[in-house]
Amino acid sequence: MAMGSVLLNQLSGHSYQPEVASQPISNYLIGVGKSDITDPAIGLGMQGMADKNQRTTGVESRLFAKVFIVAEPVSFKRVAIVSTDLWSGTHIVKQEVVERLQKIYGPELYQLDNLLISGTHTHSGPGGYTHYYLYNHTLGGPNKTGGFDRHNFESIVAGIVSAIEQAHNQLAPGKIYVNRGHIEDCGRQRSPEAYFRNPESELYQYGSDTDNEMLLLKFVHLTDTNEKPLGLLNWYAIHPTDRGQYNTLVTGDNKGYAAELFEEKAYEPIVAAFANANCGDVSGNVAFGSIPTGADDIERMKKHGGQQYQLAQTLFDQATEELHGSIDYRHTFIDMSHIEIKDRPGKRTWPAALGISFAAGSSEDSKPPIPIREGITIRSITEDEASILAFSGLIAAIEVPGAELPGQFDSKLTPDFIDGHAPKPIAFAPGLANPETDFFPITPKELPIQILKIGNLVLTGIPGEITTMAGRRLKAAVQAELNADYLALAAYSNAFSQYITTFEEYQGQHYEGASTLFGPYTLMAYQQEFRKLAAAMKQGQLVSPGIGPQSITPKTTLPRITFRNLTTSPVTLTFDQHQAAPTVNLEALTVPPKADLAWMMPKEYLDSGVKVKFDRTNSTYISVNDLVTIHSNLNIEVSSYRPSPLT
């Protein structure tokens, strides 16, 4: 007890102790934590399926943040790994978490560099916690409008911070055991036409068309007489899409179910995290021969979650090999819109563009909003599909207020840009969007890449969903530099940028290839940049932090409200910021479900200090002044819409 108190006192302060010469380490300081991140509100858009009809109607199982902190016992150098029951980690969440942690512990202990936040990629949780317009806009939700949801964002951030505080306060001497095994026929290859485009010599190296290995870490504390199990963290590649687009109950899907089983069956309290890996082209629904429609979704979830639980339990019980060695980490931001590929002179990545088969979605997991097939290339496109493509710019202009009309948009599609994305027929290029609009950025271009090292285990943090073979190649690139005994790939980490396919898979333009934002050399760019990180780690060199996304706070992306002026429609809110604001009487047609929160108005109003506050009382009328108060009856149907201010 005395030693633990001394350690806790040293670790709680705001000072950071300088790194000392590394000694062989097998005992670490370990802490684990778990906190609820579920937003219980009804009517929220669910993130993942991009089905605007999919809104939450209740909570079937809670969503959690699970944290594992590992520190060296002398230098206190540490890493913190967070696994969340979310669609993905996002930059805006991590940015806010780090800011809050640094207010508690000072600027050194927890930073962007040594903190990794990943999502399991469940498609059955509420969204709206990224600052990129495309991912917020494709949500369902009240009136099908989507948008940033500050309340859900706060639930997530506060929960993650709480779990990290728990783990930090629990730091004590312990060990980490490692084990691995395979699950047969849990997830299957959902895009075989693309996968088997990879070289035969490469395909023959692997016994499966999915990466079916589970890598598991077992965390224990050391007591005077024995070892006390604390938790487990594993990585296994499968899409959590057993609960399909017709599900409206919040759930962690197969990953959450597996974790719940493990924790329920444990003899003592334990934190179990089932994280994801290179599952971009892996789905459990293939075996069922149809998309989940609600008839057997729970059966599918229990099957695939149960398989993961069973192997995890076996690996946990039989784990005897300890991790040993020093802790290290590297992190940087890279601009994926323009990376020159050194091994391919003249080849590069390009600003983000989506192919027409992006609209098809994964045909094994969901029904697309329009009848369109996967695998449309510039060489295979039909006349009817070309007609759809011709309208795609108009659709984008309608869906993204402020976006260019097709004529303006097409003028940006230079021959080099088109060739750079070929054979992708470009339906929409968010990377070419006008940066002056309120809706910029639409998708990311500055992305974080990260490597964490815990002894003889290396963990790579990927900001997106990477296919089976692409993941294998990326791990091989890192392994060539670090030669780790164990290497894990944490997908959906720290940010989200859609898919990463191999060059060969990209040529087929299935859903995954059409959704690979930066062109056919996307994977090669990641391999190149991760090799640089790994080489710097191997040589003990620092790396440039890179230039991250523009600083965006949650207040700059807002929920929406539908207004109707009592005399004219639509409502016009205009006033000179240097004059007293006039009073405008409005009727609230619809009000967001989070009607007790304060929000900032769009950026045109920021200088004037105009704010909006929602509070549900007994009136349906709105007065607009320096402070706008919105009143509505509880029985008004909830919705959201952003009024467009005039300049």
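Every residue, even glycine, has its Cβ placed from backbone N, Cα and C.
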Discussion item. Starting from the Zn(2+) binding annotation in TrEMBL that includes His121, His239, Glu465, which of Tyr204, Tyr206, Tyr499, Tyr506 is the extra site residue?
Written reply: Tyr499
Worksheet item: Using DSSP, would you call His239 (Zn(2+) binding site) helix, strand or coil?
Response: strand
Fill in: In three-state DSSP terms, the structure that Ser283 (active site, nucleophile) belongs to
strand
Discussion item. Roughly how many Å lie between the Cα atoms of Ser283 (active site, nucleophile) and His239 (Zn(2+) binding site), rounded to a whole value?
Written reply: 5
Discussion item. If you average per-residue pLDDT over the domain 'Neutral/alkaline non-lysosomal ceramidase N-terminal' (28-528), what number do you get?
Written reply: 92
Practice prompt. For the recorded Zn(2+) site, whose residues are His121, His239, Glu465, Tyr499, find every other residue on that chain with a C-beta no more than 8 angstroms from the centre of their C-beta atoms, and list them by sequence position.
Written response: Asn276, Cys279, Gly280, Gly464, Ile466, Ala491, Tyr492
Practice prompt. Name the secondary structure element type, per DSSP in three states, that contains His121 (Zn(2+) binding site).
Written response: coil
